[in-house]
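To keep things clear, I will list the structure first and then write my remarks on it.
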Ligand SMILES: Nc1ncnc2c1ncn2[C@@H]1O[C@H](COP(=O)(O)OP(=O)(O)O)[C@@H](O)[C@H]1O
Ligand SMILES: [Mg+2]
């Protein structure tokens, strides 16, 4: 096994008239949860969209399990095993929960029916709402659906963009616990973009801080991440 | 008894109008609903289907097979057009209107120059039947049945097949469809081909009932357009109920005052619907 699942080197990207990422470097190790934080507008979501392939890479390289993927379109990166849970969840609103999961599973050639059962162990609420339209679910339920939709494709790397945003604190805690279980059960690596310090500290080992399209600080303590320490660190 | 015969005549009028609206509109509705493209060349795909069907019948092919050939020819033409032109303009709806309008003009004129101003017609098959004092062409029932079959087929495709689910996902949140592993470009090109194929099917089905001229698409296009505007972006929740409502208006007005008033009734209905339901019937039914 390589000691990096995902390697990002000197990544630059942005929008037509607006460069955003100014050269981002980092590495994700197998089974690691790496948190990336930073204020609104620093380019965290742009980074995630560039990693999954929704925004083209202008410069730099992306290696997923040793393979260069920066020129692949999003659907090919998804099929290789990169899952994406976007900010704002973006479930398919006028499709049922079950159909949303069917779409998620389309990235794998031969879906295993057992996969769905395993996912319902993490998210039992989805099993109860299979035939409801995703658009009528609560924010927390939509968040769970968005994660489940990515998981049915059996990814090795999960990109999660602010999963705690706009949902109740206890649901956010549930999601944090599920992330830890996913890593335990599947060896999943996760890049977690998050501004919620408690969530970061309950799952991540390392935290990178972004500012103006760059990673400006790396917080990699020896022991556990402590919320108060991280808060103090971010306040500087 | 007399009123019974009359009522049946009314029902047949409605069935005619409904079938025409559904068959003319569903290809346009799919391309608009799934891709956000107003395909002003829709009428020319209808013409393509009609011409190919008639040519096949003249070559000795039985009518049902000839219609299928017409629909497939039109779908292939749609694929070519999508590959050569449409795909370069995704996300630019105004440009794609100008583009498809241009295609429409070029195709109409080219047909006029190469095939002349009309094609020898093939006549309506299957004879007729009488109910009381009135006589009806059996083919009118074929058309109505075809419209219902197309709606049922679309319902099945878009709800029960892998392609249909992928296509709806692509329509609702394109970037997440892509990030879920779907090749959205391919889905768009198949969708456009299906839209063109349905247009060709409409042309083939109506070919035996009309004189084929290069501008024949226009007569379909007006009513297709009206139906899509009233129905909104969803074929099942929009086009079908819109066609039913418009068919009642059109059949009623036609019966009351003749063809012209049938057309006027449609246009008034559109204006009223745009005022009340700017996103059409399906926009109203799927509101959140
Ligand atoms: N679609 C877009 N087009 C142009 N600029 C955008 C777009 N989306 C975001 N931006 C800009 O890019 C910058 C980074 O945004 P984003 O990556 O969403 O930040 P974050 O997720 O860290 O809050 C912001 O200045 C934002 O205004
Ligand atoms: Mg963001």
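Yeah, the Cβs are placed from backbone N, Cα and C, and that goes for glycine too.
Taking TrEMBL as the reference, the stretch among B:43-64, B:65-86 described by the feature transmembrane segment is residues B:65-86. Counting Cβ pairs closer than 8 Å and at least 6 residues apart in sequence, the transmembrane segment (B:226-248) and the transmembrane segment (B:137-158) reach three or more and so form a contact. Here the transmembrane segment (B:137-158) lies next to the transmembrane segment (B:187-206) in space: the count of CB pairs under 8 Å, restricted to residues six or more apart, reaches at least 3.
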